[in-house]
Amino acid sequence: MADNEERKTKKTKNRPSCLGYPVSIFFIVVNEFCERFSYYGMKAVLVLYFKYFIGWDNDLSTTIYHTFVALCYLTPILGAIIADSWLGKFKTIVYLSIVYTIGQVIMAISAIHDITDTDKDGTPDNMTFHTAMSMLGLILIALGTGGIKPCVAAFGGDQFEEHQEEQRSTFFSIFYLSINAGSLLSTLITPILRAQECGIYSKQSCFPLAFGVPAALMVVALIVFIAGHGMYIMESPKGNILLQVMNCIGFAVSNRFNHRGKQYPKREHWMDWAEEKYDKLLIAQVKMVLKVLFLYIPLPMFWALFDQQGSRWTLQATTMDGNFGAFIIQPDQMQIVNPILIVIMVPIMDSVVYPLIKKCGLNFTPLRRMTVGMVLAALAFVAAALLQIQIDQTVPDFPSNSQTQVKFLNLEETSVPVIVEGQEPFVVPGFDSSNDYMTLDKMVVMVSAGDRNATAIFVRGKRQTVLMNANGMQSILNDITEKPNQGMNAIRFVNGFRSPLNFSIKSDHLGSIAYLQASDYLIVTHGKANFSIVNQEGQTCHYILQLGFGSSYTVLISSNFTFGESCTENIKAVEDIEPNGIHMAWQIIQYFLITCGEVVFSVTGLDFSYSQAPSNMKSVLQAGWLLTVAVGNIIVLIVAEAGSLPDQWAEYVLFACLLVAVSIIFAVMAYFYTYIDPAEIEAKFMEIKPEDEKKKGLEMMTKDNLAYVNNEINSMDVKQTKI
């Protein structure tokens, strides 16, 4: 031990420093910023990648998303064991960062649709390849980001000497500032990159760029970290306290099982059965840890709700209006509301709310705060459910597989009476459409348009439009049967002019459309769409249509259409699917509630946990806390796959009710919990005075555990779940 300290002293004597800080920590801070940018940037667009690129439905996209997040919070235990028992922190960070980088690169490659788009139609021909590549990439990313999670902060703490306690404390503040900065910037930037269009043969949402930039940042993180190699203090592995705790518990259980007969006297606590192999101090420390871990049992339900910000809430935002006036908010950008509110709410809670509650004479204990946090998260999902109900009212009621929905388009300037077999007669105004789609159970019906009767054959499960003029029914068009993806708009043209016309917007051309024929749908982004209409003589008419999010229009060209300055007077856009009518800003309510819940739950929970645990077992509680996040995500994927609720709002209500029930259970557990002073308990076993325990405890702690303590104490002002 003395030799090891001597070698370490010689190594640190001539280390370069800046403003009293070892230069090596700047490499670590930059590494952490780039790594967090990489992780949160990729994660921000992940569920939309599943839905729009891979083509999975909302439930499967949610399931895979939360499976990935769960893996990211399970692997830190593996990373800690590898670092403490085998490779050491530096090698663990480097090796797993390489795995991490490879995973990010694979994700970026998996999103390049041109790789398998042999027919150049914009759709990959081998989706199995893209799916397999993305799954491999996500597994590697989960191993990498989770594996280095418990190592980087502790490795940063290792860079300071004993007399640099103040600098170490400041380092952790800067360290977590870099985490939040990386998260904020990536959540803002990568959705913008995704919204761009890119491709070799056809232009699609630029998921390769949205994944490629995080991959590049991970390469930078790895290079920067390795570049500081010569300046780091690197300690040899000293054994992992988590393994010691697990072995102690395992021995106690097996020993109790082997001595389960009545002839063996009972012991005060089941952990006392480990006394044959382990000293009483370790057993007492494990008892304190288990007491806190028992309170962790209900906690996964909170994370089950909290982590749906990146899945269900992002999918909800895709059905909303993102027009914020001067700028457009992408659905996946709404996630940035949470970290912004965190920065605002933490100091407000600490400086205003908690002191005010204390002045009112209320005993707002940590466990009571956590209970309130759970209730606030449940209220956030109630708000999400109410918002979803409003959204559902704006979504068209598409036909079932046994029905069809039909509307009529009149290309004449005069009204045309229509009689559909089994329906009330109605009149379609000139150069317009019938009011709404009518639902038919029969697929073969007689239709009378004007003075002409005809038999119409419709298709089950479809929306269809009947084109007609004074000569009766002319043709039947197939309409889209779902809202356009990603807030785009579907536009088609119907030519009522007497000669063929060409329609285009920017580089997209629909070709020549004959008289009484309809074009295919053009997928157009929101904003002003400037369409060009050209005849065979080369005359051009420019038609501008203001588009929202998620709408569909059929643009009618009248028989009286003429080219010239007034050409647009004989063009009419008929709305088939109305644009998203609920503004994205309404989501801020649920984000505010769940962020308030996070502040009083997560920050308080970690603070409470460490105050109730032995000083050398902080990392054990860190592992337990991360495990609750993983289990919470597993709950979501179970509900998403096994749940049979027909409406999304009902699922939100289900989660809210489950969390309320769990919060009641947690409140009861908290009521019977007795707060302890771990220092006093440890002092009894160590036969030293309680006031000397802090000094003795610090001497017992490894540098790794000391880093964990400072890590958590100094992170009370930042977002805890980004550890």
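Every residue gets a Cβ built from N, Cα and C, even glycine.
Annotation comment: TrEMBL describes 62-81 (among others) as transmembrane segment.
According to TrEMBL, the feature transmembrane segment maps to 93-112 (among others).
Per TrEMBL, the feature transmembrane segment maps to 132-157 (among others).
Residues or ranges marked as transmembrane segment by TrEMBL: 169-189 (among others).
According to TrEMBL, the feature transmembrane segment maps to 209-228 (among others). Residues 23-24, 26-28, 30-35, 37-39, 41-42, 45, 49, 93-94, 97-98, 100-101, 104-105, 107-108, 110-111, 186, 189-191, 193-194, 196, 198 of the same chain, all 6+ positions outside the transmembrane segment (209-228), place their C-beta atoms under 8 angstroms from a C-beta of that stretch.
Sequence-distant contacts of the transmembrane segment (288-306) (same chain, at least 6 residues past either end, Cβ-Cβ under 8 Å): 245, 249, 271, 367, 373-374, 377-378, 380-381, 594, 597-598, 601, 605, 609, 612-614, 617, 620-621, 624-625, 627-629, 631-636, 639, 655-656, 658-659, 662-663, 665-666, 669-670, 673, 676, 678, 681, 721. Here TrEMBL flags 288-306 (among others) as transmembrane segment.
Within its own chain, the transmembrane segment (336-357) is flanked in space by residues 180, 183-184, 187-188, 309, 364, 587-588, 591-592, 594-596, 598-600, 603, 716-719, which lie at least six positions past its ends and keep a Cβ under 8 Å from the stretch. Residues annotated as transmembrane segment in TrEMBL: 336-357 (among others).
Within the chain carrying the transmembrane segment (369-391), a Cβ under 8 angstroms from the stretch's Cβ atoms is held by residues 301-302, 305-306, 312-313, 316, 319-320, 580, 582, 586-587, 589-591, 593-594, 596-602, 604-605, 608, 647-650, 652-653, 655-657, 659-660, 662-663, 666-667, 670, all 6 or more beyond its ends. TrEMBL lists 369-391 (among others) with the feature transmembrane segment.
Under the heading transmembrane segment, TrEMBL lists 588-608 (among others). Here the transmembrane segment (588-608) has Cβ contacts under 8 Å with residues 299, 302, 305-306, 309, 313, 334, 337-338, 341-342, 345-346, 349, 366-367, 369-370, 372-377, 379-381, 383-384, 387, 625, 712, 715-716, 719-721 of the same chain, all six or more residues outside its ends.
For the transmembrane segment (620-640), same-chain residues at least 6 beyond its ends with a Cβ under 8 Å from one of its own Cβ atoms are 59-60, 62-64, 66-67, 69-74, 76-77, 80, 149-150, 241-242, 245, 289, 292-293, 296, 299-308, 311, 605-606, 609-610, 613, 651, 654-655, 708, 712, 721, 723. Positions annotated as transmembrane segment by TrEMBL: 620-640 (among others).
Taken from TrEMBL, the feature transmembrane segment covers 652-676 (among others). Within the same chain, residues 288, 291, 294-295, 298-299, 301-302, 304-305, 308, 312, 365, 367-368, 370-371, 374-375, 377-379, 381-382, 384-385, 388, 612, 639, 643, 645 sit at least 6 positions outside the transmembrane segment (652-676) and bring their C-beta atoms closer than 8 Å to a C-beta of that stretch.
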